[in-house]
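Beneath this line is the structure, given in structure tokens, with notes to follow.
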Amino acid sequence: MAEIVPLRVQLIAKTDFIAPPDIDWSTDADGGPALVEFAGRACYQSWSKPNPRTATNESYLRHVIEVGHLSVLEHASATFYITGISRSCTHELIRHRHFSYSQLSQRFVPEDDSNVVLPPAVEDDPELVALVRKATDASRAAYVELLEKLESTLADVPNAVLRRKQARQAARSVLPNATETRIVVTGNYRAWRHFIAMRASEHADVEIRRLAIACLRQLADLAPSIFGDFDIATLADGTEVAISPLVYEG
């Protein structure tokens, strides 16, 4: 029986910032937020902070987001390693073209002991969970049987690596969308804001909405001056959404 696994989102990389020693400027932030402020001030050479209303990193970046000068957000990035996510969810995730992805390959990694990610709609109903388990176990059994027969059929292929790859890429066609996958995702701050705005909405599928909110929580800790305008709320059905009054890109 396949193991049911929960979503796990781990921040594994973030932007560092090294201030040029010849620029007479300092800020009260570091990392990505400092880099974004530096990029914005570089546009106007406003190193002396002439406007007291934007003298802090937080107030400066708030102004940047309010006026839509979002290109400076593209200099800083964050990378997550995401596990416990279904193949159907990553099919939606990879539509965000400004992210960079490295995903588990079903052509090279055997799926005979793959895990399963439950659709959120069935999680609290034992009968529905049992039906999903039954269906996914049957699919995996078909995968194993098909893989064995394909490897036998392709036995005359001299290259063992190629033979296994050809067998797996054909056998994977019977695996369900609920199969767990694992993926590394890198995005700049602007791309992450857009992803959260689109996918943490109540109109998004619940699984990818959970992913967006899990990313938001870590991004808000990493760069509160960039992501702190998003508020997380709980809907009547118990699921969460995130909204911001400063989202202008659709």
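From the backbone N, Cα and C atoms, a Cβ is placed for every residue, glycine too.
According to Swiss-Prot, the features are:
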type	residues	note
DOMAIN	7-233	domain 'ThyX'
BINDING	S71, R95, H96, R97, Q103, N188, Y189, R190, H194	FAD binding site
BINDING	E92, L93, I94, R95, Q103, L104, S105, Q106, R107, R172, R199	dUMP binding site
MOTIF	95-105	motif 'ThyX motif'
ACT_SITE	R199	active site, involved in ionization of N3 of dUMP, leading to its activation
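Structure coloured by features recorded in Swiss-Prot.
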| residue | record | Cβ within 10 Å |
| --- | --- | --- |
| S71 | FAD binding site | 13 |
| E92 | dUMP binding site | 16 |
| I94 | dUMP binding site | 13 |
| H96 | FAD binding site | 16 |
| Q103 | FAD binding site | 16 |
| S105 | dUMP binding site | 12 |
| R107 | dUMP binding site | 12 |
| Y189 | FAD binding site | 27 |
| H194 | FAD binding site | 20 |
| R199 | dUMP binding site | 24 |
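Residues S71, R95, H96, R97, Q103, N188, Y189, R190, H194 are the ones the record ties to FAD, and the longest Cα gap between any two of them is 27 Å.
Note on proximity: of the binding-site residues S105, R107, R199, the one nearest H96 (FAD binding site) is R199, by Cα distance. Comparing H194 (FAD binding site) with S105 (dUMP binding site), their Cα atoms are 27 Å apart once rounded. Mean pLDDT across the motif 'ThyX motif' (95-105) comes to 97 in this model. Nearest by CA distance to E92 (dUMP binding site), out of the binding-site residues S71, Q103, Y189, is Q103. Cα-Cα distance from R199 (dUMP binding site) to Y189 (FAD binding site): 15 Å (rounded to the nearest whole number). Cα-Cα distance from S71 (FAD binding site) to I94 (dUMP binding site): 21 Å (rounded to the nearest whole number). Here the CA atom of Y189 (FAD binding site) lies 32 Å from the CA atom of R107 (dUMP binding site).
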